[in-house]
């Protein structure tokens, strides 16, 4: 693989992020929603995208389950595969950001180190980690896919929160506690954060 890379040359793009900013009217960025299964990551991400779209923003959602149907269909749930899953998503998100898009990435992304590696791909203001905080007991009570039940019975191995760890972010840009707040209030928190930092228009 190393020898093959010697024959690969990076081709610089003609259009810049500044060009996209002038046209789109907003900064490109990644909203990285992380948390336990059942915490409400995807629900919140989709609701935020609806509001951003309504405001005229250019957006795209990268969702954990959807990605595993295609791009990452070759990966399982071992620690190594989970790390590779997040690495690939980070690279895909970077391509979208380079094209001026607001990316909403909803992934358990259980390992702190992996999230920080993704963060390192972006300029400081381009990566916003949103910790979707929800107690394990509440996530289990929701269990929309029946995964906790399978994990507790031993049918499903290496399930985050049961027999595989979730490493809580040390200093996320934003925390949304979905155990005690509505989706609407969560959306308002996210939008207020990006608006107050001048990343999207204030209207």
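Think of each number as a place in line: the chain as shown, counted from 1.
Cβ coordinates come from backbone N, Cα and C, glycine included.
Over in Swiss-Prot, the protein carries these features:
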ACT_SITE  109  active site, phosphoserine intermediate
BINDING   35, 36, 37, 38, 39, 40, 41, 42  ATP binding site
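Over all protein chains present, the Cβ of residue 38 (ATP binding site) has 23 other Cβ atoms lying within 10 Å. For residue 42 (ATP binding site) paired with residue 109 (active site, phosphoserine intermediate), the C-alpha to C-alpha distance reads 13 Å.
Within 8 A of the CB centroid of the ATP site residues 35, 36, 37, 38, 39, 40, 41, 42, the other residues of that chain are 108, 132, 134, 139, 178. Here the C-alpha separation of residue 109 (active site, phosphoserine intermediate) and residue 35 (ATP binding site) works out to 7 Å. Cβ contacts within 10 Å of residue 36 (ATP binding site), excluding its own Cβ and spanning all protein chains shown: 24.
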